[in-house]
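**Q** Please find one structure pasted underneath; my questions will follow.
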Amino acid sequence: MSKIFTDKDANLDVIKDKKIAVLGYGSQGRAWAQNLKDSGLNVIIGLEREGKSWELAKNEGFTPMHTKDAVRDADIIIFLVPDMVQRTLWLESVKPYMKKGADLVFAHGFNIHYGLIQPPNDSDVYMIAPKGPGPTVREYYKAGGGVPALVAVHQDVSGKALQKALAIARGIGATRAGVIHTTFKEETETDLFGEQVILVGGIMELMKAAFETLVEEGYQPEVAYFETINELKMLVDLVYEKGITGMLKAVSDTAKYGGLTVGKFIINQDVRNRMKEALQRIKSGKFAEEWIEEYGKGMPTVINGLSQIQNSLEEKIGAQLRDLIQKGKPKS
Ligand code: NDP
Ligand code: MG
Ligand code: MG
């Protein structure tokens, strides 16, 4: 078992006199800035443009600054803009203006692991990666809890990088739950693998394939939608609350037998081999290379894929059924 750090392992003192620049005020940026501030830390917000985030930060009690001004005297610089934006932000607005030796902090390892950002060798470089979306990080903190996180150290010049990572984890509430020690490599590769193979890619295609199989065989799409897409939530909720065993115990014996036998026939060795192939593509940097190129071209594959899915039969049926389910919900 990995070591789990909690509040007793994390001391805010190591960062309490530091000036912390949070770059970005989106999903994570907004939550981190507010939680760190409520934890009594000295937070400033750095933004590139006076747009939506700028207004929001101002309305929520911060005085946002342009990135170059925010990083000028910051001791800790936290990158909370989208991963594909971080390299340009680093090169244009952080590196030329930052204080020598300031800490560089990330919520995901992508830019450091794949070498898009090459940190100066006198900076501590570490990561705190919350295992939940920003609004949840904020909501749990406010309610006295916290979302678990991973921490990792890429470069430790001061000898205190891990302590500082844990202090920030405490500042955002993560040590109230628990924090696991990892590396930039492990966090980046497992995160990409998870979203490609199961969370986003695998599940989506499994749902679509099952739905389309039933429809092609003449079953009503509404019925197919309930059975192959809509009910997934209940099963996932069971796994989330009680594990796979709990899920299996909750379904009928027929579903148990069918699932235990046919599941392996669908997700067979061939699928597992392709999972390893997908992992290899992540480990070699090939996926990152391809994604950076796609992003540079304006994401044509993403835009096209999204529009194909938006216009699919399952999405039309899903929208209708959600209306129907909504109507049936008791108004309390
Ligand atoms: P968001 O997409 O929510 O970031 C939005 C912020 O970035 C806004 O302040 C926005 O400013 C600014 N921004 C967007 N585009 C640009 C640009 N081209 N130039 C300058 N600023 C820009 O990011 P997330 O919070 O989702 O992600 C931040 C980091 O956290 C990433 O490293 C991500 O991997 C990591 N992370 C995210 C999780 C999540 O659930 N979202 C979970 C764990 C880690 P404006 O309003 O002006 O557009
Ligand atoms: Mg992830
Ligand atoms: Mg991810």
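Placement of Cβ uses the backbone N, Cα and C atoms for every residue, glycine included.
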**Q** Looking at NADP(+) binding as recorded in TrEMBL, which candidate out of Gly134, Gly144, Gly145, Gly146 goes with Tyr25, Gly26, Ser27, Gln28, Ser53?
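**A** The one candidate that TrEMBL places in that NADP(+) site: Gly134.
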**Q** Taking the binding-site residues Tyr25, Ser27, Gln28, Ser53, Ser252, which residues show a Cβ-atom distance to ligand 3 below 6 Å?
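**A** The qualifying binding-site residues: none of them.
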**Q** Report, in whole Å, the straight Cα-to-Cα distance of Asp191 (Mg(2+) 2 binding site) from Tyr25 (NADP(+) binding site).
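**A** Per the Cα atoms, Tyr25 (NADP(+) binding site) and Asp191 (Mg(2+) 2 binding site) stand 22 Å apart.
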**Q** Check the binding-site residues Tyr25, Gly26, Ser53, Gly134, Asp191 for any whose Cβ is under 6 angstroms from an atom of ligand 2, and report them in sequence order.
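**A** Within range of ligand 2: Asp191.
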**Q** State the Cα to Cα distance, in Å, between Ser252 (substrate binding site) and Glu227 (Mg(2+) 2 binding site), rounded to an integer.
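**A** Their Cα atoms are separated by 15 Å.
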**Q** With the NADP(+) site defined by Tyr25, Gly26, Ser27, Gln28, Ser53, Gly134, which remaining residues of that chain have Cβ atoms positioned within 8 Å of the Cβ centroid?
**A** Gly24, Gly29, Arg30, Ala31, Leu80
